[in-house]
Every structure is written in structure tokens, then in C-alpha cells.
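Take a look at the structure set out below.
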């Protein structure tokens, strides 16, 4: 009888502890946006946050971001929207956003702070982590439980599962690993959050955005990338024409970027953007391990290279051994 009672008590205590742990999980998602719409990376971060726990707040900061806040409030599963709308946040300077996140953390005591992996989050979250004296968890691709996470290492050739013991988990999640949240039916209330004190060593001057009818590289369903085999930036016009006909985006390998053929915002790979489109076309790309790390999760990979021994063919679903300067114009003419 005593043994049975003791077992029952332990089981009850375990359930209580589990319930308390579940209630103690609260997550802040830091939204990235363009003033009108939220970035895909943030919607992926929202999906990740829902795997951590049910108490989710979203921080929306900017000089004119009420539309973004309203849009996010319609997603289900969000407890509240923290809206920080001020000219202080014009240009999205990390020197001003990091103190704001710290202020929100001090007020609400979140257990997790999450953002999509991007140049923005890589500038802001390390500043927050330093001030809180915790580690920053980068490029998380899976969440086992609120303390256990998975990330890829060795250029994507191995997976590391690790347990984070810091009281506050600050992390970026890889957008290609978490589907963008498309839920509806939410009505999260907005709560104003005033700007925190910040240093004035940096000042926003101006911003020039490229206008393009092509989809954003990170969220495109079709990506056509060129490598060293393109030989010159002028030859990338072939890829632009093909991409425009297919409704896709254009990317590049690091070799093409380093050679000055295209700007580094098109770079795909370990030190560039990570993409996982429905269709990835690699043109004149040999397939260095660093490039594969940025595109190998694509649903279908098609490669065009004149070298039949090119490593890119090992990860390709379809391969064409041909002269790209003949193959691409012919492909484009048939669309």
C-alpha cells in the first residue's frame, strides 16, 4: 500500500511540475518587416515559437508599422502584439532595437526570444544576448522541447542536438526548416511599447530599396542560380530572362559573387542565403560543399554543367551535361 501511494504521489508531482513548466514558457518573436508586410522569416519564427509553448508575444517596431501589427494580430496563437511605433526606429538600427528588446524582456520576463535567421537578426540578437549574459543559438532547424534544439554543423553534413540551460533562450531559426505560419482567426490585442534609452552613435540617413518584379530570393518557389561558369555579369542576363518567364528569383554561388559578376545579396550558400524552393536550377555551378549547404533542401534540383564529374550532379534530381550558353537560350525560347 505504501509503495503504491508513493508511486501515485510521484506521478502527481510529475504532472504538476510538467504543468508549471508549460505555463512558464513565454516566447517573444521579433518581427522583421518592410513597413507594409511581414517577412517570411518572421512567419517561420512564429511557427517555431508555437512549438515551444502557447504564450507568444510579437514585437513590431518601426516608424510606420501599424499595418504590420494589424496583419500579425490576425494569426492564431498570439497572446499580444507589442507595438513600438516611433521615428526612433526608422531604418531599423540594431543600436536602437536591441535596447527595446531588453526593455520588453525586463517587463515581461520571456523564457525565449526568437527571430528568423537573417542579416537583421544576426545584427540585433547578439547584442541582446551579451547584455543578458546568455548564449545566442543560431540557425535552429528543429525544436525537440523548450530546452532541446537541433542545428546543422560542418556545412550541413551533420546535425547537432543540444540542450540550452540559459534562463533565457535567444535564438534564430532557419526559415527553410519551419513552414511560414498561415493561420487565421486570431485577434491578439495590441500593447504600446515606448522606446528605450539608446546611444546616439549611429544615425539613420537614408535607405534605397531595389524595385523588382521578381520574388524575394529567400521565399521564391523557383530559384535559378549561376556560378563561375557564367564567366561574366553580362551573361547573367540569360538567367534573368529565364527567371522572369518562370516567375522565379535569381541567385549565385560565392565564386560568381567574388568574381564581381553579381552583388552579394544574391549569394546562396553557407555564408549567404539559405533557400529551399520547389525548384532549384544550378547553372555553371560546380557544387562546392559551402554552396550545397545553402540549397540542398530544395524539393527538386536541376543542374546544367559541361563537366560530367561536377559534384553538383551528386545532389541533383535531374542533370544536363551541356554548354550552358546553348542550353539556357534554348530553354528560354521554349517557354
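Along the chain as shown, the residues are counted starting at 1.
Every residue gets a Cβ built from N, Cα and C, even glycine.
What TrEMBL says about a protein is an automatic prediction, not a curated fact.
For residue 291 (FAD binding site), the Cβ neighbour count at a 10 Å cut-off comes to 29, with all displayed protein chains included. The FAD binding site annotation in TrEMBL covers 228, 253-254, 267-271, 284-291, 305.
Residues or ranges marked as domain 'Electron transfer flavoprotein alpha/beta-subunit N-terminal' in TrEMBL: 27-208. Along the domain 'Electron transfer flavoprotein alpha/beta-subunit N-terminal' (27-208), the predicted structure has mean pLDDT 93.
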Inset, instruction - Could you tell me which three-state DSSP class residue 267 (FAD binding site) falls into? - result: strand
Legend entry - Among 267, 270, the most crowded of the binding-site residues [Cβ within 10 Å]: 267
Inset, instruction - Going by DSSP, give the three-state secondary structure for residue 228 (FAD binding site). - result: helix
Inset, instruction - Run through the Cβ atoms and count how many others sit within 10 Å of the one on residue 288 (FAD binding site). - result: 18
Inset, instruction - With an 8 Å cut-off on Cβ-Cβ distance and a minimum sequence separation of at least 6, pull the same-chain contacts of residue 228 (FAD binding site), or say none. - result: 253, 255, 256, 259, 284, 285, 286
Legend entry - Cβ neighbour count within 10 Å of residue 285 (FAD binding site): 30
